[in-house]
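Residues or ranges marked as S-adenosyl-L-methionine binding site in Swiss-Prot: Gly36, Gly37, His38, Asp56, Phe82, Asp100, Gln107. If you look up Swiss-Prot, you'll see 317-337 marked as region 'Disordered'.
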Amino acid sequence: MSQPPAAHVPVLYTQVLDGLQVTENGTYLDGTFGRGGHARGVLEHLGPGGRLLVMDKDPEAIAVAEQTFGGDARVSIHRGSFAGLGQVVAAATVDGILLDLGVSSPQLEVAGRGFSFGKDGPLDMRMDPDSGQSAAQWLAQATDREIADVLWTYGEERQSRRIARAIVARRAEQPLLRTAQLADLIASVMPRGDSKTHPATRSFQAIRIYINRELDDLETGLDAALAALKPGGRLAVISFHSLEDRIVKQFMARYAKAPPSNRRLPEAQPFVPTLQLVSGAIKADDAELNVNPRARSAVLRVAEKLELRIGDSLLERRSGRIPNPQSPIPASQGDAR
């Protein structure tokens, strides 16, 4: 299998393409284009009748997509979050969907985007700079309780209250407008330890996730992806921290495995799976880590959408409607699951 261009090294490149099982005339959707590393790999396997849809909420990523693939009739480009992919594709029409979650390498590397605590820049953190509040705007008006809740919920930061109090105290003296200001402030109030991780890592992650509604988008996007897939279509998701991976793992398990039985409740309708787990957590090997250290925290999960047998349910895959495995289907809609 060919390798991606050296200028951009997408994580788990070979594993993603193997997981998607790209076919020559298939339809695929990359919901997080970034700089197009995975998308290039998909295109290499598509023939003239294949189709690739790419999405990204970052206008800079969309500009790269248009410059790189704008002349390719097989590619259609859409600006927006993958949470809205149902507005881009019809139900049960896609053979494979990739979601590569979190912040992209270019976003981290450009100081002006305000994502990095290692490079001073405006305290922004928005993946779509034309939408919503910047991190600086939110920190300027949030209460210490709200800040602490965000740091704990999205960063699992144990010192969330201490950091929140410090932010509120500092902004009373001067506005927090730069990433270096915030990173230095957090470092100054954190207990000294032997950790090799920068003391602002969890806080920056938490604020970024909150500002961009990343976990909300993920939950909505997973539901939309399942509806969009054809029977036999595959969903591949790369996550970079435990909060994301937990949501992905639980989503796939919910539609692939029967819920635990409860002897105190009436016997439930037979469970009919909607997904089949193709693999457990896939991580980068040593060879990839030597080339791309960012892959160290990456976790890939792949699942395949199943076709319901005749009689299992009248909610057929081609309708795109997703049966809830926790709820029985009324008898009027067909055989109970």
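Every residue, even glycine, has its Cβ placed from backbone N, Cα and C.
Following the DSSP three-state reduction, the secondary structure of Asp56 (S-adenosyl-L-methionine binding site) is strand. Secondary structure at Gly36 (S-adenosyl-L-methionine binding site), taken from DSSP and collapsed to helix, strand or coil, is coil. Long-range Cβ proximity for Phe82 (S-adenosyl-L-methionine binding site), meaning a same-chain Cβ under 8 A and a gap of 6 or more residues, is found for Gly31, Thr32, Met55, Leu99, Asp217, Gly221, Ala224, Ala225. For His38 (S-adenosyl-L-methionine binding site), the Cβ neighbour count at a 10 Å cut-off comes to 27, with all displayed protein chains included. Binding-site extent for S-adenosyl-L-methionine: residues Gly36, Gly37, His38, Asp56, Phe82, Asp100, Gln107, maximum pairwise Cα distance 18 Å (rounded to the nearest whole number).
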